[in-house]
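As given in TrEMBL:
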type	residues	note
TRANSMEM	B:6-29	transmembrane segment
TRANSMEM	B:64-86	transmembrane segment
TRANSMEM	B:91-113	transmembrane segment
TRANSMEM	B:142-160	transmembrane segment
TRANSMEM	B:190-211	transmembrane segment
TRANSMEM	B:223-251	transmembrane segment
TRANSMEM	B:258-278	transmembrane segment
Amino acid sequence: MKIFKILGVTLLSMGMAISLSCAKKPAPQQVVKIGALFSVTGPASFLGAPEAKTVQMLVDQINMAGGVKGAKLEAVIKDTKGDPENAISFAKQLIEEEKVFAIIGPSTSGETMKIKNLCEEAKVLLVSCAAAEVIVNPLAKYVFKVPQKDSQAAIKIFETMKKMGISKIGVVSSNTGFGNAGKEQLEKLAPENSITILISEVYDKTATDLTGVLAKLKSKKVQAVVNWSIEPAQAIVAKNMKQLKMGVPLFQSHGFGNIRYVKEAGEAGEGIIFPCGRLLVADLLPADHPQKSVLTKYKTDYEAKYQEDVSTFGGHAYDALMVLVKSMETAGLDKEQVRMALENLKGFAGTGGVFNFSADDHNGLGLDAFEMLTVKDGKFALLEQK
Amino acid sequence: MLEQTVQYILSGLTIGSIYAIAAIGYNIIYNATGIINFAQGEFIMVGAMTAITLSAFLPLPLAILFAVIITALLGALIEICCIRWLDRPSVLRMIIITIGLSILIREAALHIWDEKVRSLRFFTGNEVSSVSVFGAHISPQVLWVLGICALIVVLLNVFFKYTLTGRSIRACSSDKMAASLCGINTRNMVTLSFMLSGAIGALAGCVISPITQTQYDCGTHLAIKGFAVAVFGGLGNSMAAVAAGLIVGLLETFSITVMPLAYTDAISIAILLLVLFFRPSGLFGNREAGRLKEF
């Protein structure tokens, strides 16, 4: 009988403890965990480092302003080092152990593709910061991405070429996921834009000199060169073309959106043309542009806090987090509702452009998200089109 | 047609000169100790990075001079800390130590500098200047690389053949026991060879930096190609290393004319393998001497 007594007392005290603890916190502050997978170190660190810094800065700002729907945000940032294997194990950890509300990142396309199905099966929202088109095409219900598409960058380049009267081009790209995806899009879209690719070559991402392959391009009498990579080789291509006196314009991908490469290319960088989001030319936009206020605020906040130049990649993290927060504000804190709200988010001005998501477009950006930029006196400038 | 052929030759010389200057450094430590220093690529990187940092507030020649001295001291430090106290180490053990050191130096460089790419400014002219030869073009920096290659090779030959210290280093390599019986301080000779190797690596790094650009992990790639070229030419012979470097560069460039760029590495490595099958001592190596070596 004694044992029942003890059990009864224990149960009673436990019940009291629970009711007491409830009474102590009448409205417990809810915490919403947002998982983030970025390659903060490793070869893709120039993507992941500004992304992680941006997310940390924004979460602090949002919490200072009272959080989202009364709940505080908590960023759980994991460093994948650019390795898809790490991305998989961290994604599992975030979903199963941390029970995160949603995941933003990873930084690179390869990593995103590895965890696409994982998130889809676990029904966890994934807002990727990587560029490749395959992330949202074929469509997965829970997978979104915020950077502009490769295909749109290629179309923008071709349109500019047509205006300049260029029809025969040479393509060089690096042997990385980004380079291959871009090469594929260029080759697919060239015929319908009446552009002929005379020669397309792939170089190693550690290439130290490319005069040999550029001499081959020169002998084919190309009217312009397109280089598609994210590596420092972007500056080497520019230098080598000038050293060979090729005298044709150089187009680069949106991977050139980093002032570091302009500094690296020096005088050889002048006149490079590339498509890019508007973050790098925020100062040059007219005051009534829908993105103007967003861009200048993010740029000044980031540069004041971290004392380094803002890059488009940090901007992707801004967009990923903010579309999520925006959807949570409209739909509350239910995962399914937020997914629906994100799919219906329209007219949201981010750093990458004005987002209009829909049930069959999980990227939400149009061709107008890109601006054609050029390099003038060692700085980015809007390309003046005749 | 002539213009194009000349252009490919010049491009081949550009790549070849980079391989050649990276390869020379291997030979010195090999000559003194019979081992391959796999941290050689990191000497190149450290030299270039130091010079870039110093060039912000020093004139270019002084910045390079200090970078060479600092890297030479790093070479000495490595030898004193990690190699000197080993009692008759096996070749394999030494190789693994140098591989470990290369990883250590690379990670340290990532923390001292950062992951960003940078480069030393061009010695003459700038990014866009080029010299014309028969209507083809080459960056003046390549001429600097070739010139410094030649200078290093000549000086090394004089040093190893005609100075007492140089001959002592070679004696250590041939027979350590006999050398020390002759009164040569073999340990100091090894330290000296690491310093020399560091200095040459640093100089190589500085002179190629405007062309190749430098970042914390660029040493690995240069080290692999440099090592391949050193073996190709025949280990221990600096002149052969330069010749082999230029041959590989020209081969790679001419392979571009007939097939896609993506295959160049495969071609140069295939040729390297063929040479090693039929002439294990390298293109210019001495077969007899090759057989006497431990490695």
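Every residue gets a Cβ built from N, Cα and C, even glycine.
The transmembrane segment (B:64-86) and the transmembrane segment (B:223-251) are not in contact, since fewer than 3 Cβ pairs between them lie under 8 Å (pairs 6 or more apart in sequence). Among residues of the same chain six or more beyond the transmembrane segment (B:91-113), those with a C-beta under 8 A of the stretch's C-beta atoms are 33-39, 41-42, 45-46, 49, 53, 74, 78, 82-83, 216-217, 219-220, 223, 294-295. Outside the transmembrane segment (B:6-29), and at least 6 residues removed from its termini, the chain residues within Cβ reach (under 8 Å) are 35-37, 40-41, 43-44, 133-139, 142, 145-146, 148-149, 152-153, 156, 193-194, 196-197, 200-201, 204, 207-208, 211-212, 222-223, 225-227, 229-230, 233, 235-238, 241-254, 256-257.
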